[in-house]
Each structure stands twice: as C-alpha cells, then as structure tokens.
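Residues or ranges marked as domain 'Cation efflux protein transmembrane' by TrEMBL: 7-197. According to TrEMBL, the domain 'Cation efflux protein cytoplasmic' annotation covers 202-276. Positions annotated as transmembrane segment by TrEMBL: 7-28, 40-58, 74-96, 108-129, 141-169, 175-197.
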Amino acid sequence: MKNPERLTIALAITLTIMAVEFIGGYLANSLALVSDAGHMLTDALVLIFSLLAAFLALRPADKEKTFGYHRVEILAAFANGTLLIFLAWFIFYQAFGRFARPEPVNSGLMMVVALIGLAANIISALVLAGSRQNLNVRGALLHVISDALSSVAVIGGGLAIAFTGWYLVDPVLGIAIALVVLYGAIKLVLEAVNILLEGSPKGVDPRKVAADIRRVKGIKGLHDLHIWTITSGMNAISAHIELEPKAAKKAPRIIHEVEHLLRDNYAIGHSTFQTECQSCGDELFCVMERSEGGAGYHHH
C-alpha cells in the first residue's frame, strides 16, 4: 500500500470518529468527549497536511509559482492552528462554568463512544505502522497514538463517573485534553509563522552553518547568508562565498563539497551560491533595503 493511500484511509477513519465523538459528546453532555474530538481534529489536520505534502510535491512549479505550491500546507497550518486555539478556549470556558454548576453526564454513552474512538485509532495506527520509515507518515502515526491515549483517559473518566457519581471528572478531563490541544495548536501556529517570515529552520544555527562552510578548503569568507524553510522538510540556503584567489578555478568542486556538507549535516537540499574572489562586504547577515522609488532592493 502506498503512503498516500495509508494516509487517506487513516484520515477517513479519523474524520468519521471525530464526528461521532462530537455528536456523542453533545448527547452525553460530556466535555471530555468534545475535547477528545477536538484532539482528533488536530490529528486529522496532521493527516491532511501529510497528504497535501505528498500530492503537492508532485505538482510542478510554473512561471507564477516558481517554488511550486508547497506553502499551501503552511497557510493551512496557520489557519487551522488558530481555529484550534479558539476551540481550546471554548472548552476552557465551558469547563470552568461546570465547576460552578456541575451537570450530569451520561457515563455509559461517554464510554461507548470513547471505546469506538479507541478502536478506530488502533486501526489507523495499524494502517500507518506499515510505513514507519517515511518521516511524514511516522509523524502522523505518533499523533494517532496520542489520540488513542486520550480515548483511554475518557474511558477511565467514564468509569469514575459511573462508580462515584462525581461529575466534575468530566470538566477536569476536558481541561486536560484541551491543554494538549492548545499546546499543539500554539506550536503549530508559531512554526507556521516562522516559516512564513522566512525564519531559520528549527534546529539549524546559521552561525554554525557559516563556520562549517568557512572550513571547506579554498573558501576565504562568507556573507549575505540566508537560510529558510520553503515547507515542512524542505530547507533552502543562499549566500555569497568568497574564494581564495588560487581556488577560483576549483569553484564547481568547492560548491559541490559545500552542498554535500549541507545535505548531510543540516538537511538543506536547495542551495544557491554566488562565488567571489573579492569580498563585497563583511556582514554575515546582510540588511536588505528598498531602493528609492521602490524600483528594487540592494543589500549591504
């Protein structure tokens, strides 16, 4: 089974059970179930982004979108992360209201729906587990497993309510799961913003990259360095590389060595370098300024 097919099956299961949990949560008057459905929504988003990455990677760039359509995934991540933050806030609001005015919860229906959700998550995990060597699918698998654990927590909450009649278990669970959703949503939004603002990829220190490049034989200096992420798992770099005077004829070999270093050590696969035999500046990170009249840009 191909990776897109695995992701599509897992997405269909997740969306179906998410709808069941939302409806079941409403009928059972259970915030914990609604929160778990919200958690499943985060998993559905991860699966959707994984599918987008798989399909958009096949769509070629054109004269208007020279980098292709990879940023669609990032824009969707930002929008959905923002939506999930509001969902978490709504659950918090409802839960704190129930602390003041506890409401009865249908624990039987709550457990039945959570059991269905748990079974569905196990099936999704088995489908995705067949392709664990793919990083995209592996990330989706981890989210599905985390949602299965949330379903277990809801089942435990239903049992506690059934045996003790303590309805406050439901809003407590609701808040706990909403906190998980909120953490994931904020992390998603911040990562999307960093990519949209052309920030350095997570875990990549530009100064360390520059130091490694400068150590390549034949390179005298480096400036105007830019490292950014096009989309998840696709990093790019551009820079001016100053060569030693005697190394000018070896420029292709030197650049090839730098590209190999970046791929192996930093997972940077897209690189653009301008070689020089005399430095045009000393700044590692050059400042781009708009030219008068808005006709273009220059750096210094």
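Note that Cβ sites are derived from N, Cα and C of the backbone, with glycine treated the same way.
Predicted automatically and left uncurated, TrEMBL annotations should be read as such.
The stretches the transmembrane segment (7-28) and the transmembrane segment (108-129) meet in space: the count of Cβ pairs below 8 angstroms, excluding pairs fewer than 6 apart in sequence, reaches at least three. At the 8 Å Cβ threshold, with sequence separation of at least 6, the transmembrane segment (175-197) comes into contact with the transmembrane segment (74-96) through 3 or more pairs. Below 8 angstroms of C-beta separation, residues 10, 14, 30, 32-33, 35-36, 39-40, 42-43, 46-47, 98-99, 102-105, 107-108, 110-111, 114-115, 117-118, 121-122, 124-125, 128-129, 132, 176-177, 180 of the same chain, each at least six residues beyond the ends of the transmembrane segment (141-169), sit close to that stretch. The domain 'Cation efflux protein cytoplasmic' (202-276): residue composition by secondary structure is 31 helix, 32 strand, 12 coil, according to DSSP.
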